[in-house]
Amino acid sequence: MLHLILCFIHICSVSNLYGGFLQVTVASPNEDELIAMANALSGANVFPPIERGNDYLTESLFQKLKPAIWLLLEKGIRIVVVTLGSDGVFLCSKGGSSFMRTCLDRVKPYGSCGQFYKIVTSSCPPHWYGATDLERNPHLFAVHFPALPASVVRLTGAGDCLVGGMLASICAGLNVMQSVGVGIAAAKAAVEAETNVPTTFSLDTIADDARSEYSAAKVVFNQSMLSPWKMIWKSRAPPRVAFFVWTATLGRILTIDNLRRRNVMVLDWCCMCKKGAESVEHLLLHCPFAGELWSMVFGLFGVSWVMPRSILELLECWQGCFGKHRNFLIWRVIPHCLMWCIWRERNGCSFENCERSHVKIKYFFLCSLFDWVAGWGIHPCLSFLEFLELCSLWSP
């Protein structure tokens, strides 16, 4: 007996789904449902609704949806298929090229399924994307399938046929890429039919439309997921600090630019440098005040550094050649400690009218980092001066 452990979600109410997500393989939400699912998993309304016009670029739309998609993938969902209406579909996974192979590898097509498998496979060869580079490391991998042009008769039933077409294709032994193409072809047939769900489908027409989708699919994102997320959650930083860094990486901490997007009228200026407008990247990376702290760290460890544009890019390249260094654990938590100290100082200036000198803030950062390292118990009887010397020793 064939046991299917594949589950598609196409729902609006997700408030009580957290426990069920552990058993979900594939989710198929639209944009609003994706945001609702991400907020339910995060336990707060961290992700605001997506607002976009008709002229929104595909890449820009994906960048807006990526944090919510990433959260679902981090929670264990293997594949997320985001339906975009007339803009097509995003197919996302963090499994590299292996994401195209479902848990149904041992399915043996037979009968009508075998005929369907042969027709679609001849139109859509299974090796759509070169697997060599993607097999090396887990990736966040996103493919955009454009919508097929259709003579719309009625709009109901397209979502059901999309999901039904994908499920039928996977059960017939097709991979996920092929199955999404078939699902979109089935959705086109649905909107062109008089009934919600067509009573019959032409296999040749479905295969031709699936081939059009298959050839038009385009990679919109392909990025290694090893460095940034392991840097955040696998470091020895306190959990609340790791959560803060994760939220900052998503661009969701309540800096002034984010408050203004929520219609909170407040003066847009950085209370640390008292010059530029406050954003997540400015406050934690590019503010002159933050630059002093980062420069102190780089000088302490004896490295030359060019600050990346975003926190995500910083975390991706942070490990560098320190991967095998004996003090790598200290180096690994520095972004957490430094950004946490900047955030605390910013909140003190904003809400408590308490502003310290740059020297005191630097000392507070070093003391905080020392307390974290001493708490690990790896370096017994470590004094503060020994700790500073330990950081400055570059030789492995």
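Think of each number as a place in line: the chain as shown, counted from 1.
Note: Cβ is positioned from N, Cα and C throughout, glycine not excepted.
Going by TrEMBL, these are the annotated features:
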type	residues	note
SIGNAL	1-27	signal peptide
DOMAIN	143-193	domain 'Carbohydrate kinase PfkB'
DOMAIN	222-294	domain 'Reverse transcriptase zinc-binding'
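Residue counts for the domain 'Carbohydrate kinase PfkB' (143-193) under DSSP, helix first, then strand, then coil, are 30 helix, 3 strand, 18 coil. Mean pLDDT across the domain 'Reverse transcriptase zinc-binding' (222-294) comes to 84 in this model. Using DSSP to sort the residues of the domain 'Reverse transcriptase zinc-binding' (222-294) gives these counts of helix, strand and coil: 39 helix, 3 strand, 31 coil.
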